[in-house]
């Protein structure tokens, strides 16, 4: 099948080009993070709620790659809970046009499996670590697995990863005071520490009002202490990344409530049930699964994605308290 011409690069009516696909492969997670799945994973009960198969994943990734996508992040839920996770990595990594294959994981299985992930073609890893205090880690995640996750990060370096990104969801009265400890941790480690503002979702209004804290205070602190903003490349995410000559690590800030946050949007999302989401906080998903049954449906699939892109909003509406249809972040992979 012919690749898309340059004119068919996935692009919306605001001339934003989409180089980055966030592909969820499961909604299931074995952690119970307060800001995501505080009561743990509960199946939807829908008969038709099986997650994307490996052939379906291959087809959707190929369509995106043929239209200019060069980076795929495999998300969940917890993607490593899929028994075929390594096969998924290999399938994505061997798709012509895909240059970066990343995953976001809770790190629970990393110590045992990360060598296999790397061999399969995983180029980048993000691990969620919301506290360096084992007791607070347990309180936030619902699991007493701090040591296992830390061992997983060290193992990633041992098998050859030059950098690991660590995601920290900022929460007032829980972990927002831990900046000095985190800075000390990354001083001699090539970790990009990413502080993510707590985001409002449909089921988390109370948590948001109680624990939301802006990343602006951290940014001001970093700048005052000699940290410098890095230039962003076209396939990077929305993080403002800061570097310091005395630190091996970096700091990223993800602040969705910041003005013009959506201006540099370069990613699209496909859920584990095969729906296209134009925005993490959009009103609805677009069914793609009926066009993932056969290889010869690719042109139709591309046309559907391209036409839906023309309906993508210029911005989310979080400032109006409109969180869209996202009940929790596990539902479409954050």
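Note: Cβ is positioned from N, Cα and C throughout, glycine not excepted.
Database features (Swiss-Prot):
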BINDING   22, 73, 104, 165, 267, 268, 269  GTP binding site
BINDING   29, 33, 36  [4Fe-4S] cluster 1 binding site
BINDING   35, 77, 128, 199  S-adenosyl-L-methionine binding site
BINDING   262, 265, 279  [4Fe-4S] cluster 2 binding site
DOMAIN    13-239  domain 'Radical SAM core'
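Using CA atoms as reference points, the binding-site residues 29, 36, 77, 279 were checked against residue 269 (GTP binding site), and the closest is 279. In the structure shown, the C-beta of 265 has more C-beta neighbours within 10 angstroms than that of any other entry among the binding-site residues 29, 33, 265. Here the Cα atom of residue 165 (GTP binding site) is found 9 Å from that of residue 128 (S-adenosyl-L-methionine binding site). For the binding-site residues listed here (22, 73, 165), the lowest count of other CB atoms within 10 A around the CB belongs to 165. With respect to their backbone Cα atoms, residue 77 (S-adenosyl-L-methionine binding site) and residue 29 ([4Fe-4S] cluster 1 binding site) stand 5 Å from each other. In this structure, the C-alpha atom of residue 104 (GTP binding site) lies 19 angstrom from that of residue 265 ([4Fe-4S] cluster 2 binding site). Cα to Cα, residue 265 ([4Fe-4S] cluster 2 binding site) and residue 29 ([4Fe-4S] cluster 1 binding site) are separated by 27 Å.
Around residue 269 (GTP binding site), a 10 Å sphere centred on its CB holds 22 further CB atoms from the protein chains shown. Cα separation, residue 267 (GTP binding site) to residue 35 (S-adenosyl-L-methionine binding site), rounded: 22 Å.
Taking the Cβ of residue 128 (S-adenosyl-L-methionine binding site) as reference, residues of its chain lying under 8 Å away and at least six apart in sequence are, in sequence order, 33, 104, 105, 106, 107, 166, 167, 168, 169.
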